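**Student:** Starting off with a structure, shown below.
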Amino acid sequence: MAKRVCVGDLRKLAGSVSTPSRCILPPHARCFSVLNRPPPNYEGHIPLTVIERLGLAVGSGLGSFLDPRRADLIASFGEATAQPHFIYKLRDRMLLNPTGRRILRDRPRLTSTSLDIPRLRQLPPNTLGYVYALWLDREGVSPDTRATVQYIDDEECAYVMQRYRECHDFYHALVGLPVFREGEVALKAFEFANTGLPMTGLAVFSAFTLKKAEWRRFWDIYGPWATRNGAQSDDVINIYWEEELETDIDQLRTRLGIEKPPDLREMRKAEREAQKKDKEAKETMTRAAV
């Protein structure tokens, strides 16, 4: 005899059968999408999917290659390509160094206020602090213009990227390279050999956009200098710049194993003067021949 089934039993039976086409997620699970992002890991953090990170890397990389003056694109490309491997490796190198560990623990920030730029201008002429302040004044730049890190997922690694970014002007002052393109390419080559960050490597490729004379100087002088010194010197990310401001800059270079390259501004000036004299000589010969 068939068993009688009431309507309530049918409803219970239907509710106990899962529908194959639907995937039931745990209550705490969240889909990662542009419209439904997981919470940020720190203030200002913007999580990215793999596709978004790839798009950011390609777009900002091409843009910064075509226009190296776009600091925002350079910063975005640096963050998009630094993880998952390179920024962690740089962080690990800091953890292996006593000074690097102190920097990670203290988390200092390099700003015009924290550095007290007016005080640095009063230091003895050959100190790092004085040379740094003089370099800022000559190049017309400020330590307060560095963008805040947004796309690095790990909070500690985000600080490492921020620290690298804020230390960039100290690298300029330490080796005496200016901020125009030729100087930036040389410094980025030094940074690539020292830090291994992909963004610095891409910047080296912009050497192909240099003028003929600039390319010749980079190939003959500044490229070899950058590769040699970046590879052989101490990790510049592990320098506690705030504690070296009153250090003699020549002694600091010696301690770090960094040779100061030829003065790029003086070389460019000498080349312009030579071109001017050559032009005047040709004009004189032309007038004499007439």
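Just so it is clear, glycine is given a Cβ too, placed from its N, Cα and C backbone atoms.
Here Swiss-Prot flags His168, Asp169, His172, Glu184 as Zn(2+) binding site. Under the heading region 'Disordered', Swiss-Prot lists 260-290. The annotation transit peptide is assigned in Swiss-Prot to 1-32 on the grounds of sequence analysis.
Context for these features, please: burial, neighbours, distances.
**Tutor:** Taking DSSP states H, G and I as helix and E and B as strand, the region 'Disordered' (260-290) has 26 helix, 0 strand, 5 coil.
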**Student:** Starting from the Cβ centroid of His168, Asp169, His172, Glu184, the recorded Zn(2+) site, name every other residue in that chain with its Cβ within 8 Å, sequence order please.
**Tutor:** Val141, Phe170, Tyr171, Leu177, Val179, Leu187
**Student:** I want to verify one value. Collapsing DSSP to three states, which class is Glu184 (Zn(2+) binding site)?
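**Tutor:** In three-state terms, Glu184 (Zn(2+) binding site) counts as helix.
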**Student:** So how many other Cβ atoms are close to His168 (Zn(2+) binding site), meaning within 10 Å of its Cβ?
**Tutor:** 19
**Student:** I'd like the number of other C-beta atoms within 10 A of the C-beta of Asp169 (Zn(2+) binding site), please.
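**Tutor:** Around the Cβ of Asp169 (Zn(2+) binding site), 21 other Cβ atoms lie within 10 Å.
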